[in-house]
Amino acid sequence: MVPSLLLLLTGLFRATEPAPRCETGQETLGQCQTAQKAKCVDISLSSCTDVTYTQTMYPNFLDQKSREVIEYSSEYILISVLHNLLQGECNPDLRLLGCSVLAPQCEKDKVIKPCRHVCENLKKNCLSAFDAIDMAWPYFLDCDRFFAGEEEGCFDPLAKLRGEVAVEEDLPSDFPATFIQFKHHSYSQMVSTLKKTASRCSHIATTYSIGRSFEGKDLFVIEFSTKPGHHELLKPEFKYIGNMHGNEVVGKELLYTLRSICVQKYLLGNPRIQTLINNTRIHLLPSLNPDGYERAAEEGAGYNGWVIGRQTAQNLDLNRNFPDLTSEAYRRAGIRGARLDHIPIPQSYWWGKVAPETKAVMKWMRSIPFVLSASLHGGELVVTYPYDYSRHPMEEKEFSPTPDEKMFKMLAKAYADAHPVISDRSEHRCGGNFVKRGGIINGAEWYSFTGGMADFNYLHTNCFEVTVEVGCEKFPLEEELFTIWHENRDALLNYMEMVHRGIKGIVSDKFGNPIKNARISVRGIQHDITTAADGDYWRLLPPGTYIVTAQAMGYTKVMKRVTLPIKMKRAGRVDFVLRPIEIWPNKLLRRPMEDMYDQYDPLELFDPHAQHAQARGGSQQVREKPWWWSYFSSLDLHKPLWLLKQH
């Protein structure tokens, strides 16, 4: 009986004991444990002043006990910078949703949770935007943990935004299938939509990254074919590249829209689009320079000059950053029997500053047997073709043709003639200086420069590439994009169809085994192409009669006469069967001199998906963090490791 009475008295004493006094400084840090009942207080967080309510309560759902604690937290910093990180996508929606957790609504001294369905809908629409920048979904936006169902009396933190479309292309299901929004798209919006397109049409589309920019942004490609992700025998590979210069944004938006057209028209049964996708593997890289684009976008459409954002984050012009193989081609041109194709990258090139974007594209070119390509630029209305570097460097404007001059002119005209403005004969318009040339010009004859991507394509790979200046404004206003698209629509399709000109075939031995890297030569054209891994090849040729030779180490040489009629618009099939021959040992030791470059080729070891930006401190662990990690550099402790996907 006595022990029970003592326990009762002790309990009563503790119940009536005053709360411990706060030490100096503890109250402002939210560290006081008081018995005072929490009350509603006015919201004073600068990033949450536009919420639909006026009062909140501390501690919040994260047990942060004061305004000061919240403002110094990584969660609050995140919602404050989300607009910049996601380039405007899903904002202010995400910020308001975050505010509903960090500063929840308070009425009559009672906290009200935000609605779970609002969180779930926003996560569904915006998760891909986080994926695009390699960021995990924030833990404090866990829809099950910090949100409530409508039956529990929740509130909608996005009520005032109702009626607005939060995410591009997230439109009602009954919207017309042909609806397209013509606007400038941020990097995250672009990546999000590419992934959505591939997900919804996985039978004809897929996305992949060829590498990362200097600041860590993935260089995303969307591919269209009947077997996405795989090379198919005798099906040619085509690529479009946009936004090589960050401030030249029209090419990026054209490819963004072309992606939509390819999907819509294919599903609606359009014969032209279906024929293209069924017979071609198409790769669209909308933005090769996303870092530069960000800087240009900060200036704004219509206000951007000719410099801001043109270069990469390393201050490199990507169209001057490729190996100079053109000088080597000029040196070889006078040598009897010398080859002007598949010229190796010289060792001296790697001594300079090579952008990760450049390395990624070069490795991409090696991994896929591209046949035809175009790079979309802005600032003029003209189509240029190699060589871009003059035979005599001191002569800025000199006609400098490749051995495939006729074919390149045919390719350039295929785009120019299908473009209503480029083909317009009026000299009083943008691009009027090129009217007498039919809207096309040899690159070096316009102006000479070295290190260009088009010359590298031609001299290092099998691929033919032209450069298309798609408009006189580099960063036009959004209302101009609709007109620009309609001017370029048919030209884009017409040029893609040119990948089916010339001849194609398979080189094999007498047993039907494919022969890789066999050479296909055309008499009178000092430029060979080689067979792919499956022994298939594609040789772009204009109409005419040719003597075509196939040869490979250890096999006989086979020649065939080929005639391509003027009206022939499909590649002619020309197969070769090579017979083995005996090779003397001393001949096996002979190797072309240029093969010595293969002893040092950093491109083979280059990981295009590695992070490249150098961070403070220099430690390997810091350098591997994503580009957006620097936004949280002010936090000495409690850095948001929960935002790292690998954490």
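Just so it is clear, glycine is given a Cβ too, placed from its N, Cα and C backbone atoms.
Of the residues H117, H377, H392, Swiss-Prot puts just one in the Zn(2+) site with H245, E248: H377. Note: Swiss-Prot links C143 through a disulfide bond to C119 (candidates: C106, C115, C119).
When Swiss-Prot is consulted, the disulfide partner of C90, picked from C48, C106, C115, C126, turns out to be C126. According to Swiss-Prot, C154 forms a disulfide bond with C115, chosen from C115, C201. Candidates considered were C22, C99, C106, C201; Swiss-Prot assigns the disulfide partner of C40 as C106.
Local packing around the binding-site residues H245, H377 was summarised as the count of other Cβ atoms within 10 Å of each Cβ; on this measure the leading residue is H245. Taking only the Cα positions, the spacing between C90 (disulfide bond) and E248 (Zn(2+) binding site) is 25 angstrom. In the set C48, C119, H245, H377, none of the recorded positions has a C-alpha within 10 Å of the C-alpha of C40 (disulfide bond). Considering other CB atoms within 10 Å as the measure, the emptiest surroundings among the disulfide-bonded residues C40, C99 are those of C40. For C115 (disulfide bond), the count of additional Cβ atoms within 10 Å of its Cβ stands at 23 [all protein chains shown]. Looking at C48 (disulfide bond) and C143 (disulfide bond), their Cα atoms lie 20 Å from each other.
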